[in-house]
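Per Swiss-Prot, the features are:
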{"type": "BINDING", "residues": "8, 9, 10, 11, 12, 13, 14, 15, 16, 117", "note": "ATP binding site"}
{"type": "BINDING", "residues": "87, 123, 127, 175, 259, 271", "note": "L-citrulline binding site"}
{"type": "BINDING", "residues": "119, 123, 124", "note": "L-aspartate binding site"}
């Protein structure tokens, strides 16, 4: 039986050329799989037909936007996930979602190899292959760009020689990856870390310096899940999409950072994630109101490790699954409403309310009606500081 390869297919030049390139290099039949995680662009059926026209023996497309939002973005919101305290894991979250469909297709079509279009220099090669090995331990992985030296110039020449039905126009100077949770821009003039980003690179966000009216929004959560915006019920996908539009119009969610890549180098990355930043900001503030102090403190440590695991491509690891359980439990009481003002590049929380709130007005107030018994404070301080006091006496001897 002829060997079969499942290819992660985008519909673009590189993966279209990869269909024939893989067939020539390996003699295998190629099955193209395109997964829609909200990246926009062409209709899925157009992409499917192009894959077949480029030589794929079969082509599958999957509308995974809701799945991506519910199963991948939502856990990140509950985890307040920001790698290096800034990056909301835009690309890292989409890779395991795509991998799940690739492995399922490989099993369905009895393929022994899964291929992707990553280079040998980035994080994504690890994310794809670590995920594939976790879900399909017997599957082999190949990357034509990395393994067969499929450069851009060679891809264009191959495309023209084979008369493939895809344009070979000049490539953008930037490397761009996008989905419903955000957009990543790198390379080109951004590789000089002194160069400021220009407005032309942004699509999800407007210039925050442009004058416009502020936008007030109320986001409602139930056990950490965004369930309504301004009182109107939403799915997780709808919440992200609506806040992408509203927060993006205010220039919220732009991130420019030098990032520690998994492969050991530092890389300059520019991100746009208006919906993600608005939702994480609101969720984190509601946690401040509803989550007990020691649980909240420990959750911050868990959040950091969770984000590192996802960034590093270990979505399917035992530790990540265990941390998921902790985060889910920590979100049980995260129910209520957060009011925010979206304006000039910032999402500012202006109001909080929750039936599960741990904020006690009578204990917190300094006005008449204060129920906090201040007479107990001195004894508490004496006990709390006792070990430090004993150590200080010793050190003075």
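Each Cβ is built from the backbone N, Cα and C atoms, and glycine gets one as well.
The binding-site residues in question are 87, 271, and the one with the fewest Cβ neighbours inside 10 Å is 87. Site extent for L-citrulline: the farthest pair of Cα atoms among 87, 123, 127, 175, 259, 271 sits 19 Å apart. Over all protein chains present, the Cβ of residue 12 (ATP binding site) has 18 other Cβ atoms lying within 10 Å.
A C-beta separation below 8 Å, combined with a sequence spacing of at least six in one chain, links residue 16 (ATP binding site) to 9, 50, 51, 54, 159, 164, 166. Annotation note: residue 127 (L-citrulline binding site) sits in a helical segment as assigned by DSSP. When the Cα atoms are compared, residue 175 (L-citrulline binding site) and residue 119 (L-aspartate binding site) turn out to be 12 Å apart. Around residue 8 (ATP binding site), the C-beta neighbours below 8 angstroms that are at least 6 residues distant in the chain are 15, 33, 35, 98, 102, 114, 115, 116, 117, 128. Cβ contacts within 10 Å of residue 124 (L-aspartate binding site), excluding its own Cβ and spanning all protein chains shown: 22. Distances between the Cα of residue 119 (L-aspartate binding site) and those of the binding-site residues 10, 12, 14, 87, 271 are shortest for 14. Other C-beta atoms found within 10 angstroms of the C-beta of residue 14 (ATP binding site) number 19, with every protein chain shown included. Between the CA atoms of residue 124 (L-aspartate binding site) and residue 259 (L-citrulline binding site) there is a gap of 14 Å. Residue 12 (ATP binding site) carries neither a helix nor a strand DSSP state and counts as coil. Cα spacing between residue 10 (ATP binding site) and residue 127 (L-citrulline binding site): 17 Å, rounded to the nearest whole number.
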